[in-house]
Amino acid sequence: MSLFRLLLLRSINRDPPKPAASLLLTHFFHNVALNPTSENPIQGPPTPPPPPPQRSYAFTSAEEAAAERRRRKRRLRIEPPIHALRASAPSAPPTRDPNAPRLPDSTSALVGHRLNLHNRVQSLIRASDLDAASLLARSSVFSSTRPTVFTCNAIIAAMYRNKRFNEAIALFHFFFKQSDLVPNVVSYNNLINTHCDRGEVDIAIQVYHEILEKAPFNPSPVTYRHLTKGLIDAGRIGEAVDLLREMLNKGHGADSLVFNNLISGFLNLGNLDKANELFDELKERCLVYDGVVNATFMEWWFNQGKDKEAMESYKSLLDRKFKMPPPTCNTLLEVLLKHGKTKEAWTLFEDMLDNHTPPNTQAVNSDTFNIMVNECFKLGNIEEAIKTFKKVGTKPGSKPFAMDVAGYNNIITRFCEHGMLSEAENFFQELCGKSLSPDVPMYRTMIDAYLKAERVDDALRSFTKMVETGLRVVASFGTRVFSEFLKNGKNLEAATLLTKMGEKEPKPDASIYDVVVRGLCNADELDKSLDVLDQMMKYSIGVTPALQDFVRGAFGKVGRTEELDRVLNENRWRFPGRQPRPFGQSPRSPSGHAEMGGWQSSGSPQMAGGQQFSGPSQMPGQQSLSWRST
């Protein structure tokens with residue numbers, strides 16, 4: 001404490017001041033404490049102090065302080081503090097239990113390269129090239145872009161639909177047992193369905209128990225549909241009933257199709273009472289059930305020759321006023337048409353059109369129109385088939401059905417089967433005018449019809465359009481079409497088409513190249529066949545020994561064996577600067593000598609002194625795949 005303050009305290013204690021003097025001293029001490037540079041009466045006048053710093057939190061009035069608070073709040077709303085903008089440190093992910101089962105992919109995994117892979121596999125499946133789709137999916141397991149469970153399920157289901165059961169089972173074990181991918185319930189359902197159709201119900205039951213014991217999910221109603229159907233087909237309907245009770249005890253809802261399997265099984269055994277008992281139980285458990293059950297009863301009554309009881313079952317379903325989905329109504333249409341109830345079928349079809357008010361209610365689909373159109377063609381009523389194809393509902397509020405590619409494909413196929421190509425072409429043009437893209441089956445139908453009618457130019461035009469749109473040409477279809485083109489003298493056109501196909505991925509099958517090369521050699525078009533062989537070597541398609549012997553015999557007759565050997569040299573395509581030769585240019589230069597820059601006339605890169613670059617040999621029949629370039 002300073003001497004000045006000691007003296008003041010002593011004077012205060014010695015002679016207490018009056019209240020007014022005490023208040024003055026208090027103000028004095030406060031000023032001294034806050035501003036030591038203020039004038040000291042004992043020390044004399046100090047040097048002039050610098051201007052006092054601006055105090056941001058001292059206000060002359062309460063109103064000024066409130067205004068400052070409001071200003072600061074507005075500023076914080078407009079410009080948040082820096083710590084609010086700073087990204088928080090990423091929290092460590094929760095530690096995963098190593099003993100917890102792995103979960104299958106969700107739909108969010110279908111993005112980027114994995115989505116592109118899935119789309120390529122699906123395009124090959126739609127083109128009926130299941131071998132290429134399987135190869136692409138299996139090969140991607142060893143790449144950085146591994147397939148999702150949805151891609152695996154797509155190719156397994158495609159194998160099942162084409163009755164290739166052994167390959168479907170082998171693919172399941174490859175993807176989910178050997179390649180460490182995680183299956184979902186759809187994967188197991190495909191496997192169970194495949195085993196049931198092969199008559200291996202016990203193995204299917206083992207797969208079901210594997211789901212219960214190891215899978216991180218429960219069986220779905222589809223699982224019980226496959227198992228009950230498999231057990232009933234194997235004559236084990238008692239076990240199917242037990243499985244139904246197990247499904248209900250596990251908390252699953254009463255599935256109409258599971259009940260329908262059991263009802264159909266008991267009807268086929270002649271046990272109508274048990275079938276009715278199950279039907280009554282279904283109606284008790286479900287206020288709204290699938291009308292397929294009524295279709296099952298109708299089919300059984302019709303087969304028993306009791307049309308009255310069948311139509312009573314149908315009427316009881318209509319009286320319930322259910323909003324039935326298109327698959328259910330389609331089943332009813334098929335049963336009615338099969339047993340001659342044409343009037344009732346057309347009435348149901350018109351009611352479906354009247355109730356079609358998308359997007360709220362989808363009452364019809366392309367299969368509905370296909371059933372009725374096929375019935376018209378079956379009766380020979382072509383005009384009625386065209387009217388049915390374009391028919392719409394008459395009820396206010398109903399909307400016309402936007403026909404898809406499947407519907408056009410069906411009616412075009414019917415026209416081609418009856419030799420009515422002009423009508424088929426009209427509907428094909430109508431399809432293209434609606435911004436719909438024709439698929440592979442539609443092009444195949446049109447091309448086959450043109451070739452059958454010996455309209456080769458039209459077939460060539462359609463095939464060219466199919467190639468230009470990038471649709472896949474499978475080996476069986478391609479070899480047959482190219483054989484017809486070559487047989488009708490379209491040699492240059494066939495070679496040009498094959499060149500266009502080779503420019504896209506995946507490359508054409510080796511069998512297509514084989515057909516074209518043999519056809520060109522038989523037509524004495526050796527230069528063109530040499531170009532096609534050159535493409536085969538460029539794309540690593542591989543020339544089979546049988547084809548090599550054939551072309552050596554053809555070129556040996558005219559003394560051009562050395563020229564052929566240069567084209568079949570596998571090592572030359574290792575050189576990175578090689579450019580493809582334009583189609584139609586002869587592999588040999590006009591003068592017969594090597595060209596400038598060290599390149600031989602055959603296209604083989606030559607170093608100084610005539611030494612060729614070496615390259616890896618390619619096995620015959622080996623093809624390049626689209627996944628190599630992506």
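Easy rule for this one: first residue shown is 1, then count along the chain.
Just so you know, glycine gets a Cβ as well, placed from its N, Cα and C.
Here is what TrEMBL records for this protein:
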type     : residues : note
COMPBIAS : 43-54    : compositional bias 'Pro residues'
COMPBIAS : 599-630  : compositional bias 'Polar residues'
REGION   : 36-107   : region 'Disordered'
REGION   : 574-630  : region 'Disordered'
REPEAT   : 184-214  : repeat 'PPR'
REPEAT   : 220-254  : repeat 'PPR'
REPEAT   : 255-285  : repeat 'PPR'
REPEAT   : 325-359  : repeat 'PPR'
REPEAT   : 365-400  : repeat 'PPR'
REPEAT   : 404-438  : repeat 'PPR'
REPEAT   : 439-473  : repeat 'PPR'
REPEAT   : 509-543  : repeat 'PPR'
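Contact between the repeat 'PPR' (325-359) and the repeat 'PPR' (255-285) does not hold: fewer than three of their C-beta pairs are under 8 Å, each pair 6 or more apart in sequence. Look at the repeat 'PPR' (325-359): DSSP puts its residues at 26 helix, 1 strand, 8 coil.
For the repeat 'PPR' (439-473), the DSSP counts in helix, strand and coil order read 26 helix, 0 strand, 9 coil.
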